[in-house]
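*Asks:* Sharing the features that TrEMBL gives for it:
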DOMAIN    19-171  domain 'Cytochrome c assembly protein'
TRANSMEM  12-34  transmembrane segment
TRANSMEM  54-78  transmembrane segment
TRANSMEM  90-110  transmembrane segment
TRANSMEM  122-141  transmembrane segment
TRANSMEM  148-169  transmembrane segment
TRANSMEM  196-214  transmembrane segment
Amino acid sequence: MERKIRIFHPGFDIGFYLVVCTTLVFAVIFSLVYPNVILEQGLSHRIFYLHVPVAWVALYGPILSFVFSLVFLFTRNLLWDRLAFTANQLSFLFAVGVLFSGPIWAYSAWGVPWDKTDARLQSFFILCISLVSYFIFRYLVPAKSKKAILSAYLSVLCAVSAVLTWGAIRWIENPGNHPGSVLGKGGMDSDMKQSMWLGVIAFHFLFLFLFLVSNRSEKIQDIRSKLKSELD
């Protein structure tokens, strides 16, 4: 019996890919040439237009994974486990980007790559550790059903870490150099706001594109595993 994998139309893939590439390239070039230079930080502040959008996207992944995991626990449909796994994969990818871009910006601007007293930085590091733990435990459990159930509960831990990281920027006052929330402030110039929001849109497109591609890859792997078990 012939089996088909339902995917999006190739035209959609190509069109969405072009949109992602165009917005990313335009966002990067725009952030390099359009906003005024902050005198206190020099050109190093331009990494802000990469660092903030990547951090935002990294925090969305565990929340999405938490929602997908809840649906899985109620339905026991492995589709939702696959979606949760994909969301955490991308969250970890962008979180690593934050851990690299943050110290580069901090060292160039303030001479300190990592402020150990800043709860916001430490909470983001804990989020990364939570995601690593998620992948380790998932790898150690061979049975699919048990793996999915354990992963669902670990997704709760990752989501809590993401919420605490988001809240640390707003709820905790720190004497360090790390800036506060960029939302709700009137001190940011219009050119900086435009560059930041353009970067946010571009990286949201990138997240969605990678989510679709990664989920499709996981789906193909699942089908291959089922076919292999049937042949054996």
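Every residue, even glycine, has its Cβ placed from backbone N, Cα and C.
Heads up, TrEMBL stuff is auto-annotated, nobody curated it.
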*Asks:* Mean pLDDT over the domain 'Cytochrome c assembly protein' (19-171): what is the value?
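*Replies:* Over the domain 'Cytochrome c assembly protein' (19-171), the predicted model scores a mean pLDDT of 85.
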*Asks:* Under an 8 Å Cβ to Cβ limit, what residues of the same chain, 6 or more beyond the ends of the transmembrane segment (148-169), are close to it?
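*Replies:* Residues packing against the transmembrane segment (148-169) from afar: 59, 61-63, 65-66, 68-70, 72-73, 78, 81, 84-85, 88, 91, 119-120, 123-124, 126-127, 130-131, 133-134, 137-138, 141, 180-181.
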*Asks:* By Cβ distance under 8 Å, which residues at least 6 away from the ends of the transmembrane segment (90-110) in the same chain are close to it?
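*Replies:* For the transmembrane segment (90-110), the far contacts come to 40-42, 44-45, 47-48, 50-51, 54-55, 57-62, 65, 121, 124-125, 127-128, 131-132, 135, 158, 162, 177-178, 203, 207, 210-211, 214.
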*Asks:* Which residues of the same chain, at least 6 past either end of the transmembrane segment (122-141), have a Cβ under 8 Å from a Cβ in it?
*Replies:* 55, 58-59, 62, 85, 88, 91-92, 95-96, 98-99, 102, 116, 147, 150-151, 154-155, 157-158, 161-162, 164-165, 168
